[in-house]
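Over in Swiss-Prot, the protein carries these features:
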{"type": "BINDING", "residues": "His16, Asp164, Gly165, Lys166, Lys230, Phe231, Asp239, Arg245, Lys246, Ala262, Lys266", "note": "ATP binding site"}
{"type": "BINDING", "residues": "Asp18", "note": "Mg(2+) binding site"}
{"type": "BINDING", "residues": "Glu44", "note": "K(+) binding site"}
{"type": "BINDING", "residues": "Glu57, Gln100, Asp239, Lys270", "note": "L-methionine binding site"}
{"type": "REGION", "residues": "100-110", "note": "region 'Flexible loop'"}
Amino acid sequence: MKDSFLFTSESVTEGHPDKMADQISDAVLDYIIERDQKAKVACETLVSNGFCMITGELKTSVYAPMQEIAREVVKKIGYTDALYGFDYRSAAVLNGVGEQSPDINQGVDREDGEIGAGDQGLMFGYACKETETLMPLPIHLAHQLTFALAQKRKDNTLPFLRPDGKSQVSVRYENNKPVSIDTIVISTQHSPEVSQKHLKEAVIEEIVYKVLSKEYLHDNIKFFVNPTGKFVIGGPQGDAGLTGRKIIVDTYGGSCPHGGGAFSGKDPSKVDRSAAYAARYVAKNLVASGVCDKATVQLAYAIGVIEPVSIYVNTHNTSKYSSAELEKCVKSVFKLTPKGIIESLDLLRPIYSLTSAYGHFGRELEEFTWEKTNKAEEIKAFFKR
């Protein structure tokens, strides 16, 4: 008897209010880190009806023009008219950023050149063989749909689309392997002139069938396109947006646990971000090496402490090696101190705006060093000793 179940993940477009906030926070981080690699940045953003507020804590010698940075991000996303729910020209931008607490900084910057963790916390990484990029299929498909919504809007293929939007994909699994798409939900902001019928047909034909792999498509997929019937009011006019509210979209779509820490606006001394990237790097290389088909990796840190307080590897019964053996391998092959992570993944670069929409993982861009599988051979060699 087949073990059959559905698993669902969602994604949001770059014009979703929470993603707007993430992108502004990461644009501020990129501006500062490009000019001051020793900077400590924790930038939070709120967007609401007609205004944006940037807050958080900094330790840097760099002046960051917050208004200009925020307006440029919003313009690039496509909020160029108040009718869309936000206008980069007329929106108020408020700056409430303060200085980083010296109590925190004394535990991070060490006289010996090492870096203590910027906070306590636990971070997870995950990899599996469901896609070529070793990501779970549901979140992979959901990101493909939201990215296509933005691209078809920007290239004027579907000129009635507006920036805000979401997708959700339910995938059927049999014996723990994905076999087909069961349900697709797409909610997209649109101009008031377009009919619901035309919108649904265009989205299915131009986005779903032209973007998703035919391997998982079939005639009986259930489609829900703007199921409420209308989505004209969107962006920050429809909902307020905050940095760090799309942590499952940013990671694995719910396929593995999440430690709770958000990424955007945080420099890599914050292990919420850098150690989550490292955990993905570890998990992906374990799977790529062939020692397992699936891996969940947990790292945990204490504020001001250099080494992780714990490392845990779960291969979900897909490896002949025990968790203890795999953890010993991870400690041997990977540098998992904050400094080791920053140096091995080259994280002191202005790369973070690229991460702030459509997922931090599974996108094999040159800048995303945590997606490389250059440790796979070392892992193989470890188990041949």
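Our numbering is plain: 1 for the first residue shown, then up by one each step along the chain.
Cβ coordinates come from backbone N, Cα and C, glycine included.
Known features from Swiss-Prot, placed on the structure.
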residue : record                    : DSSP (3 states)
His16   : ATP binding site          : coil
Glu44   : K(+) binding site         : strand
Glu57   : L-methionine binding site : strand
Gln100  : L-methionine binding site : coil
Gly165  : ATP binding site          : strand
Asp239  : ATP binding site          : coil
Lys246  : ATP binding site          : coil
Lys266  : ATP binding site          : strand
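For Asp239 (ATP binding site), the nearest of the binding-site residues by C-alpha distance turns out to be Asp18; the candidates were Asp18, Glu44, Glu57, Gln100, Lys270.
Across the annotated binding residues for L-methionine (Glu57, Gln100, Asp239, Lys270), the two most widely spaced Cα atoms sit 30 Å apart. Mean model confidence for the region 'Flexible loop' (100-110) is a pLDDT of 60.
On its own chain, Lys270 (L-methionine binding site) has Ala42, Gly118, Asp119, Gly261 as residues at least 6 apart in sequence with a Cβ closer than 8 Å to its own Cβ.
When the binding-site residues Asp18, Glu44, Lys230, Lys246 are ranked by how far their Cα is from the Cα of Glu57 (L-methionine binding site), Glu44 comes first.
Of the recorded residues, Lys230 (ATP binding site) and Asp18 (Mg(2+) binding site) place their C-alpha atoms 21 Å from one another.
Counting only same-chain residues six or more apart in sequence, the Cβ atoms lying under 8 angstroms from the Cβ of Lys246 (ATP binding site) belong to Val12, His16, Asp18, Lys19, Asp22.
Around the residue listed as 'K(+) binding site', the same-chain residues six or more apart in sequence whose CB sits under 8 Å from its CB are Ala21, Ser25, Ile54, Thr55, Gly56, Leu242, Thr243, Gly244, Gly265, listed in sequence order.
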